Each structure stands twice: as structure tokens, then as C-alpha cells.
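Working notes, beginning with the structure itself.
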Amino acid sequence: LYSFIIHNKDTFFNNATRSRIVHHILQRVKYEEGKNKIGLNRLLSNGSYEAAFPLHEGSYRSKNSIRTHGAENHRHLLYECWASWGVWYKYQPLDLVRRYFGEKIGLYFAWLGWYTGMLFPAAFIGLFVFLYGVTTLNHCQVSKEVCQATDIIMCPICDKYCPFMRLSDSCVYAKVTHLFDNGATVFFAVFMAVWATVFLEFWKRRRAVIAYDWDLIDWEEEEEEIRPQFEAKYSKKERMNPISGKPEPYQAFADKCSRLIVSASGIFFMICVVIAAVFGIVIYRVVTVSTFAAFKWALIRNNSQVATTGTAVCINFCIIMLLNVLYEKVALFLTNLEQPRTESEWENSFTLKMFLFQFVNLNSSTFYIAFFLGRFTGHPGAYLRLINRWRLEECHPSGCLIDLCMQMGIIMVLKQTWNNFMELGYPLIQNWWTRRKLRQEYGTQRKTSFPQWEKDYNLQPMNAYGLFDEYLEMILQFGFTTIFVAAFPLAPLLALLNNIIEIRLDAYKFVTQWRRPLASRAKDIGIWYGILEGIGILSVITNAFVIAVTSDFIPRLVYAYKYGPCAGQGEAGQKCMVGYVNASLSVFLVSDFENRSEPTSNGSEFSGSPLKYCRYRDYRDSPHSPVPYGYTLQFWHVLAARLAFIIVFEHLVFCIKHLISYLIPDLPKDLRDRMRREKYLIQEMMYEAELERLQKERKERKKNGKSYHNEWP
């Protein structure tokens, strides 16, 4: 007590800290004689108590205006200044959030606000790239050639029922592809990789300022207590803590290893389930593209590939949501099986499992479309088949990027809409139903006289995993915003619009719809920061492959410098792209079709006589060359350019990222000076207090007639 200046013992600890102290005691008190009869959690699990939670500080509404009468309590103040939809454009009152909900929740909203603010430049540049595609659309030589190619007949994209089609029929898709795949795409991919690094580095500086202001600099994880479940499980085995010197429960190394092996096997199995689900989607796509091609409705029949992609994405989304429910239960079981020692270890283990499950679940189909769709199909007359039965799906004549854009756009919009509904809509419906039952049972007058614990009990409890769902939603969104951003530059803009709503939606939920969560301390966002860094590294690799493999950027560049009208001149403008479309298509002899691939129509509707030749996207020799359908020299030039681009792009961006990380210090200079100043003042105060004590002792000795020689002054 002598280390603190305490004016009033009743108000020295705020309500959040008091709740944390009480919870600490209740978690460890022994309520009955016998084995494992310890703690509030066990009483809750066996039904002795229905619920246990801290109380809100009264109502969040008031009959009087906060401007004239002031706030009635902290909850009312938070609602008016933070959770109300009318203040969406204002800064968040983070100190008030921390005082009411604790440091951990305060840090989440600080990080969410920082992430949202950093999305503004990314969204602006992404919108600029999209608008650049719009303004240059009429000058794009490639889309012009596609739209004017009425005499180029493309081979069917599926067996039997898919017809021959004019290349000009894909004019709209070629134009849409240019909106996302244009000259500014590479610049935007580099910018987003650098942006991710700048975001994380400046967040470290922002977190340091918050940790200093909230007195978290000296708070260490070592202060964390052992989980009651761990204590109950290993109470018979104890060993000395090397730091405290006190005996504590101990988990044997062999026991820990065996549990980790079982847990890792479970993770691997669930990831295999995800891959199996993706395999099912692939089979659906290759089967339905033929079905839609034979559909009786002309709209679907003429757009069979788009219809296949759209329905596959929607089915994929439904599978994602269903598997997420299963993953949560499996991750919880595996984490409890590991028996983590502390709450932070439990949270980190559970978080890593759920992130791996959901990341693979959400992005596996996107990875398939980006890097595998249309890459291993073979060529007409020698198609590669799945289980020697289904012909693998080909890309649209305008390229695979349109499929990737559809996948990202639909999944991102549906996912964010569903999450927002589940976060706010579900609690609102639940609370409305509870209020309705209470009105029917007790009447309106009786309901208003309920004590605070009755009112709070009728609210929804916070998620059992704390802030996990909130962080996971934002981290997965960060992945969508960075990993495939070269294919969908509007992703940062969609993320920004969602997050502006998300901040107030989460605030409204915490203040009005949920019981007050137990306050807890934290000095950073935990394992999520490492996951963000991993996503930043992965985004560099994936964007390099998207530009090199999925988009037509490299083939166009090779054509402009090596094969086009400007070959050898060092130019790559639109005039250098004349003839690119024809050069990127190979010729196939229709009579070389396999029996099971031969289309039902002979193409006579185009020229009045059966077609002899059709075209397909690839760099192969003609059917009359010495090696029919062999790869041309241009194919190997494009392949070498793609590999070279990936290596140069990755090394360049990684160098820039590391340089930025090195140049930006983790602590701002003014904060470092404040911390040094504080340390200096503390030393001065301690010196003066010790000097005052010694002088006081010397005066007392002189007063009592006692004196010593060679005393310190």
C-alpha cells in the first residue's frame, strides 16, 4: 500500500478491475469436499448456477438529453458518444471503452479503428486502378480485337452439348476483365504489399502509445495464473516454479507430446475434409457446365460458364458456412485435449486452429480458380480428364481472371453480410423475443422495475471465446484485401465500407445487446499480429503468381516486345498489341476431336458449311506441322518471362518490405522521451523520499541522545 497514493479506497479500483478480482477468487474457491470441487466454472457447467457476469452500470437510455443533463452513467455515455449510429464519423472514445470493458476489448477497438483508417489510402488507390480501367477501356487494343473477331470461331468449352462460339461473343467479358487487369494492376499489387507492412509497423507504434497511456508497459504475461482446468487435471504432479520457487501443477513431456500429436492429426484430417469439399465443387463445375450448355433457357445456355461459376460460388459459400460450425466444435475439442497451461496459451492454440480451418475453408476454392482452373486441361483432341471421365473445366475465352473476380466479389459480399446479420440481427431477435415473453408474463410495469441483474440476465451472453469471432472476421477480411488484391482492386473499398459499419455495429452490440463481458488485461492483440505478418508475406507470393499466371499481363508484355509490330523497338503501347489476340490462339482441326468430345453441332450456322477448324487459347503448333499440337517457341518465352517476373517481383517487394520495417522504429521518439523522463522522475522521487527518511531518523536519534560517528548525511 505504501507504494501507491490512495485518496479513497472505495474508488481506487474501477468497476472493471473489481470484477476481475472477484472472478479470480470465484474461479479458485473450493465449494465442496472432494476431488475437482473447485471454481465457479464447474458450478456453471453442472447447473448449480445459470449464469455469472458483471453488471452493466444502469440503462443506456435516458429521458433527458445528454447535452443538457449529462450522462447518467458510463454505459449511457458510451451509447451516446460511441455506439449510436449518428456518430459514425467521429473518433472512438478508447479511454472510456477501456475503463468500462477493460484493456483487452479496448485494444480490439483501437486496432479495428486503426485498420479502418489505414484502409482509406488502399481503397482510394484501388478505386483509381478500377477507374483507370474504365477510362482506358475504349483504347484497349486487346478488347477491341476480341469484340471485332466475328470471324474467329472458338472450340467448345465442354463435351457434346457446348456449341462452337464466335470470339466476339465474349466481348463483354473481355471489357470487364480489362477493368481489373490493366497497366495499373502491377503497381497496385506492389502498393498493397508495401501497405500491409506499413500498416503493421505503424500499428506497433500506435500500440506502444496505447500501452503506455493505459499503464500496460510493465504488465507481463508471467503474471497470468494457471487455468483451473489445468490445476484440476495435474494437481497430483507438482514441481518447483523456477521463477517463484513455489510448487505448481506439472504436465509431463510425454503426455504433452502425445496430446499435441493427436491434435495435429485432427487438424490435418479437417484440412483434408476442406480439400475434399473443394474437389466436390470442381466435379460440380465440370458436370454442370455441360448441363447448362444444353439448358432450354437461352439466357443460361448462352452464358453457361458464368452460370456455372456463379452457382458454384454460392454452393461453395453454403459449404463454407456449414463446415465452419463443425470446425468450431473440432477446434474446441482438440484445444481442450491439449490441456494448455494458461488462458493465453489456450486462446493462442484455439485461435491458430480456427484460423487455419477457416482460412483454408474460405480460400481453397479461390486458390483453385486462381492457379489451377484451366491450367491442366490438355488441348482439343487430347483433353485431360478427372477419373478418366469428366473433362476438366477450361477458362473463358477472355481468361480466368473474370472467374476469380466473381469468386472474390460474391464470397466477400455474402460473408460480410452474413457476419453482420449474425452479429447484430441474431442478438436483436433473441432479445426482442425475451422482452416479448417478459411482457406477457409480468406486464410492462413489472418489467421496468426489474433489478439490474435481471435486466442483464435477459440480454445475450458474449461469445464463449471472447473476441475471437470479431478478430477472425477482420483477419479473414484482411486476407481477402491483400492476398488476391491484384485480381480484385475494389476489395479494399468493400472492406472500408464494411468496417465503417462494423465499428458502430460492434459498439452497439457490446453496449446494448450483450451482457457486460468480464474485463481482462492485454498489452497487444496476441497471436493475431503474427497471423497478420504471415498473411502479408503470403500476399506477396500470391499476387506475384496472380499477375504472372492468372492474368494476361506477361503474355501481352512478351508479345509487345518480341512478336508484335514494335518487336525490338523497346516499346509496349497499345499500338504494339495489334494482332495479339490472333497470336494467342492456336488452330485445331475439328476432325481430330475424340468421340466423347465431339460436339453435337457441326458449326454450319456460322458459314453455311461444316467447320474445318476452330481456335483455342494456347501456344501450340498447327495440326499440319511436323509435331502436331506441340508447344511453340512463344510458349517457352512466355513461361520463362512468367518465372522471371515471379522471382523479380517477390525479391523486389520483400526488399522494400524489410527496408520499411527497418526504417520505421517500433517506438515513437516522443514516447521514448516520455518514458525516459518518467524513469528519471521516479528515480529522483525515490532518492528524495529515501533522503527524507534518513534525515528524519537522524533527528530522532539526536532527540533521544544517540549519535554515531561517520554517519551518512
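Heads up, the Cβ atoms here are built off N, Cα and C, so glycines get one too.
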Practice task
Would you mind telling me which of 153-175, 475-497 TrEMBL tags as transmembrane segment?
Solution key: 475-497
Exercise for the section: If TrEMBL is the reference, give me the range from 355-376, 641-662 marked as transmembrane segment. Expected result: 355-376
Exercise for the section: Count the residues of the domain 'Anoctamin dimerisation' (2-94) that DSSP assigns to helix (H, G, I), to strand (E, B) and to coil, and report the three numbers in that order. Expected result: 42 helix, 2 strand, 49 coil
